[in-house]
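Here the structure comes first, spelled out in structure tokens, and everything after it is commentary.
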Amino acid sequence: MPIITLPDGSQRQFDHPVSVLEVAQDIGAGLAKATIAGRVNGERRDACDVIEQDATLEIITAKDEDGLEIIRHSCAHLLGHAIKQLFPDVKMAIGPTIENGFYYDVDLDRSLTQEDIDAIEKRMLELAKTNYDVVKKRVTWQEARDTFEKRGEPYKMAILDENIERTATPALYHHLEYIDMCRGPHVPNMRFCQHFKLQKVAGAYWRGDSKNKMLQRIYGTAWADKKQLAEYLTRLEEAAKRDHRKIGKALDLYHMQEEAPGMVFWHNDGWTIFRELETFVRTKLKQYDYQEVKGPFMMDRVLWEKTGHWQNYADLMFTTQSENREYAIKPMNCPGHVQIFNQGLKSYRDLPIRMAEFGSCHRNEPSGSLHGLMRVRGFTQDDAHIFCTEDQIESEVTSCIKMVYDIYSTFGFTNIAVKLSTRPENRIGSDEMWDRAEAGLAAALAHNGLEYEIQEGEGAFYGPKIEFALRDCLGREWQCGTVQLDFALPGRLDATYVAEDNSRKTPVMIHRAILGSIERFIGIITEEYAGFFPAWLAPTQAVVMNITDSQSDYVQQVVKTLSDAGLRVKADLRNEKVGFKIREHTLRRVPYMLVCGDKEIAEGKVAVRTRKGADLGTFTVEEFAEILKNQVRSRELKLLNEE
């Protein structure tokens, strides 16, 4: 007679083994109708699964994150059901969930078109609206293999042969005539799977191996109700408008090409933004008492073996050879900074030493993962390493946290998710060292009153880290900043200082990045601002234009005055109507447009408009120069009189 303990601590006793759904029915009809699955003793189980012994139970509904993930997984099966009806010869591979949705890899002898995708989606909805029950059956390994051999599913047979023990009892989920194999759980009825959208088709190698056959991957999104789906699709439309790749091309910021995959060709305007970010961070480095250094681009393999990178990071490192020596192009800056620290004797009185670098790094990321500025192979880190004593850890980490929030707020990012990533399976250093490192970061977070999420096993191989993820205007998270403790690397590279008792001790090293990759950060703010950069970051801060040729000399004088004031200003003297010029520069997102007609010349002024169409009236050139200089100096996010 199992006793079921519910989340509120109440208990229900049954005189026979009972399913998750039966417990929900015992609680109430409304809950039973909403039940998707259950969490039995912390493990997700299907609604039909039977509980035979005392257990804790949490009912999962569509309102739960787990429930939504199960809906998405079942929509992948629904996709399989529909495509199998429309294309009986298709071979089904895998259909997992991903963030916000799902996909299914299929093997079909022709390429799927948009018309095909529309037809599959239509059939999915028709099937879901029949509200059929999903039936789960446990079978032997051989029964599962016989089932898929009979159905002509070689990929399912390969999964059984290569990934599932012969003694296992796989779960087969029956969707009417369609059968799929999965760990589950899945929805008990397809009434839960009626709010979805198929999005695109892409190529994907079986098992992710380029030596295997290329399959077609059908992506979709699924939600608990119509409103959630509509809101998500609206966010996608807005994200597409803000895509940094499109905006980057429209504003002539940068380009990338096949001959240098994952490497950025910065154009003048994009490089202007890049340098402004560097200048801004440099002001903060001075404020927080950092020294700036520059390490070499590549170093001998021997050094990377000492650090552990060669053993733990080799797949992501570019290497080269010269004069019978093997070198690695640096994927990170920390080993070089330790070499700088090691030059000359250091005393405890010298610590902390805060060493910063805009370090050019390269990582051999898989080509399929590259994505505009967001995922590149060559990037610049606003990197720093702090060498300190154990007693200084909390104060130094606290200073890093303050600096992170200080910098992010300048860009308008105030919604920041904080995560503490702990020891991974593949790591260097002792458990005792990791205990101290993780406790040190947790103490600093507690001292600063920050709530945080623990990410088990997500730390780097040499230390735990705090991650700062920015939430943008579309609710997306971008992981940028990190503060990472490292008790291992300084010792591996023989870094020491003279302690107060004249003994030699190894310093603690704190890895710190705020923007992370500057390239990626530019991609993030391009999408956050939709290309409408604040005046201090805008490549061109103002354009001065004439109405007729008679104002050309005056325009040139205005441009010179503003340029001499340190502002980025251009003249537009083309023989075009002023309305045409304004429209063009508005599309280029230039913050201010200054129009000079005969009236403005007579008054010694300029007529000022913003890129959002606001007419600000007329100003003397000196007045406008002072206004814009103040906006740049204070790094304001809004333009003059902008809501």
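Heads up, residue numbers simply count up from 1 along the chain you see.
Note that Cβ sites are derived from N, Cα and C of the backbone, with glycine treated the same way.
The structure displayed is predicted, hence computed values, not measured ones.
Taken from Swiss-Prot as is:
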DOMAIN    1-61  domain 'TGS'
REGION    243-534  region 'Catalytic'
BINDING   Cys334, His385, His511  Zn(2+) binding site
For the recorded Zn(2+) site formed by Cys334, His385, His511, which further same-chain residues have Cβ atoms within 8 Å of the site's Cβ center? Met332, Asn333, His337, Asp383, Ala384, Gln484, Asp486, Leu489, Met509, Ile510, Arg512
Could you find out if DSSP has His385 (Zn(2+) binding site) as helix, strand or coil? strand
Cβ neighbour count within 10 Å, max among the binding-site residues His385, His511, goes to His385
Note: in the chain of Cys334 (Zn(2+) binding site), residues six or more apart in sequence with C-beta under 8 angstroms of its C-beta are Thr307, Asp383, His385, Asp486, Leu489, Met509, His511
Could you give me the DSSP helix, strand and coil counts for the domain 'TGS' (1-61)? 14 helix, 24 strand, 23 coil
To what whole number does the mean pLDDT across the domain 'TGS' (1-61) round? 93
DSSP output for His511 (Zn(2+) binding site) maps to strand
